[in-house]
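Everything below concerns the one structure shown next.
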Amino acid sequence: MNNPLPDVALTEVSSALVSLDWVGMQGVEVPVRLAEAGVRYPVHAHVDLQVDLADPSVKGIHMSRLYRLLDRYAEHQILSPDTLGALLEAMVESHLDCHSSRARLTLSFNLLCRRPALITEGLSGWKSYPVKLDATWHAGRLCLDVSADITYSSTCPCSAALSRQLLEGAFTARFGRQSFVDPMQVATWLRENASFATPHSQRSVATVQVRVAEQATELGLMTLIDAVEQALGTPVQTAVKRADEQAFARLNGQNLMYVEDAARKVQQALEGRYAASSVSVRHFESLHPHDAAAQTSNYLS
């Protein structure tokens, strides 16, 4: 028997004549290849992909067409603005019989790359950065936003000042009545008592989103991540030895920051590099059972 299989999406009309903004699939898993410095392996990505269904008389789209386009893309292409634009355009063209004119795609993955230790030569470890791409295609134009989560350490300026005051008091109590203090005696005292009080610090996360220029040929994921880490000054480390941990302690002391400071530092580092950028930071407070948060954006509302 070679009876044709029914396709009700083509042969039936929707009972409710309502146009739909987006129709498609969510959470499709594919391997994706990247052209990023220090990234040598494909990433495991989750993809949402959709087209519009503006014609209310069309019952449904053809999801298998979208899946096959994505599957071929993952098999043969390297992720870039150009290849993403071509994929989205092909998604629209595959649904001309549904009168679709727009397509969008969201792609999420963890970007793994090696990061060197601060001091120890030859020592490095893997660090993961959650990344998301939001791309839309309409009227022959690609709109692409890239976001990434960057983890760093934040030390509270107020807590640092309070700790210094306590240390000052302890030092004065010990040496205040002496007209002369032997430097070696002070050094010994500091070695034993400098942690008389310590400021609170915590792991923190900056989520940044930027608009990729239309003429861009690369995603520039590592360029974005490096810029944020450099602005903050205290990115979390991977493999460390004592010398690296000491260097990290110095960086934390040199980069005291409130959540407001962190948001401003990152936004300032991004301005001028991208057409639009937004920053959202969270400090997972060790002093409080709640988080501190700040946001800023120059995206047009």
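Numbering starts at 1 and runs along the chain as it is shown here.
Backbone N, Cα and C atoms are what each Cβ position is placed from, and that goes for glycine too.
Under 8 Å, Cβ to Cβ, and six or more positions away along its own chain, Cys156 (site 'May be catalytically important') finds Pro199, His200, Ser201, Leu256, Tyr258, Leu287. Look at Cys156 (site 'May be catalytically important'): DSSP puts it in coil. Under the heading site 'May be catalytically important', Swiss-Prot lists Cys156.
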